[in-house]
Amino acid sequence: RRFHLHSTETGLIASSYDVASCLLVLLITYIGGRGHKPLWIGWGVLVIGIGSIVFSLPHFFAPTYLYGEEIHNVCNSTIEQGKCSESSLKKYMYLYFMFKCESYYPRGFFVVGQLLHGAGGTTLFTLGVTYLDENVKQIQSSLYHGGLYVCAVLGPAMGFILGGQFLTIYTNLSESVNISESSSLWVGAWWLGFMGGGVVVVLLSVPILMLPKQLPGTSHVRVGRENEVHGGQRGFPGVRNTWTDVWTSGMVLLRNPTFILVTLAGTMDSALVMGIATFGPKYLESMFAFTPTQASTYFGVLTILAGVTGQLLGGVVVSKARLNVPGILKFCSVCSLIAALSSLMYFHHCPDVKFAGATIPYSGDIIIPSIDHKATCNTQCQCNVDLYDPVCGADGVTYYSPCVAGCTNVFENKKKINVKSLDSCTCIPLNTSSHQVANMGVCGTKSCATQNLFFAMFFISILGTFSAGTPAIQVIMRVVPFTQRSFAIGVKFVILRILGSIPGPILFGRVLDLACVVWSTECGKHGFCQLYKNASLSANMAVLIVVLK
């Protein structure tokens, strides 16, 4: 909203994390796997913190966000469309030589921040996994890995909840404004979590850097671990464990059918999880008419409950049932089947908001107009469609702006405190009100009758997906030689990134954009989506998710 990004662009920014991870993971796992793992992990965590701080910089470098007048875009008003060549979001781009092309700023900072996130996170989720495995007995390994991935679920889930709360704070902390969070002009403090989180993570890197190469008292654990490899494979023939043998080691892994099939299954889940994590709150916001804060909170709570339960369940089942590799694979298959069946709930959708010119025609017209929102009832108005300022008519229909609704007069609503209303709105049918009145904001919708059922099925889908996560890692660790486990995890990450988590958010972003019916505009060009058609959004998401599962 702040920088007018498409969902597809948001997906590209999200995918930048995995681009960096994909480029560096083999180098990190092959060399770092034979070195001092905590040092690699600690420096990686430091890079994550720096990336978060970089991600927040557009807030400080961009001109101060000014929301302007909230409701004076009425029919035949004096508000003119700004000179596009003087756009306030672009005037300052030339100050930064590293982003000479206008379209790269602020996207450039977001991409660089995500690249740093990906580079640093690679060490944590590859070397961190094997560092744990090397310092505990195999029977305990799944529990420790479950604990690690529980934290990996708790972190983002808590981030969604905190981020939702930060969005209730106006983006300019020192400024007091007279608009509410529900206003289309409201921009929350999106940057606060990145800046605060970045500082915290930088501090957390210090104790990690101080960890020893091998935890005290664990020497006996490593003795005999090579004999635990499923199938008795103890090493890669012809591999001398030097960095020049990366290609040979990789080809041996790619000829391991269990490794390949488990990795490809994880690839589909990776695409799904990254896509849902990026756009899940946005989906809830559109489908159930939630505010951004409500959507982020619901999504975060569901993710915590289902994700943490799934990770613990997977680790406990493998550990307590003492499953061998075939048993683990059967468990993962059942979990995936349950998740796939529960994903069918995406085919259901809630009723659309009645939006003139988007989901229904304007009164007196039989067709939906183009992006300029011109209709028979507002031909006399010279409307600036760059100013999205929705109003709710007395007919229960939402209009793009007071001007598009044909409203000519603004007055204080005496029945509702701090609510401004409009009258003489020519697009509102006369039989609904003698004065053709409208109030600021989108019309409210009835709660969706199947909302609780959706949440229940969503919970089961996440539970099934995450229940298979820790056991799948255990399979990888057991079907490759002990000395090659870090590298095997690295190769898996490369495949997951290239085929899963890099295209995943882009695909989901494209799916959302295809369902958009009301776009924000800047100088006549599409910006971010203001309204989705729920039927299309539901069908597009359902097909993509079910196919991936």
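Note: Cβ is positioned from N, Cα and C throughout, glycine not excepted.
Curation plays no part in TrEMBL annotations; they are all automatic predictions.
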Transmembrane segment according to TrEMBL, located in which of 297-316, 377-396: 297-316
Contact call for the transmembrane segment (297-316) against the transmembrane segment (108-132), three or more Cβ pairs under 8 Å: no
Overall pLDDT of the domain 'Kazal-like' (371-426), taken as the mean: 79
The transmembrane segment (39-61) vs the transmembrane segment (259-277): 3 or more CB pairs under 8 Å: no
Contact call for the transmembrane segment (328-347) and the transmembrane segment (144-170): at least 3 Cβ pairs under 8 Å, seq gap 6+: no
Contacting positions for the transmembrane segment (144-170) when only residues 6+ beyond its ends and CB under 8 Å are counted: 125, 128-129, 132-133, 136, 177, 181, 186-190, 192-193, 197, 277, 281, 292-297, 299-301, 303-304, 307-308, 310-312, 314-316, 466, 469-470, 473-474
Intrachain residues whose Cβ lies under 8 Å of the transmembrane segment (12-32), provided they are six or more past its termini: 5, 40, 44, 107, 110-111, 114-119, 121-123, 126-127, 243, 246, 249-250, 274, 278, 486-487, 489-491, 493-494, 497-498, 501-506, 509
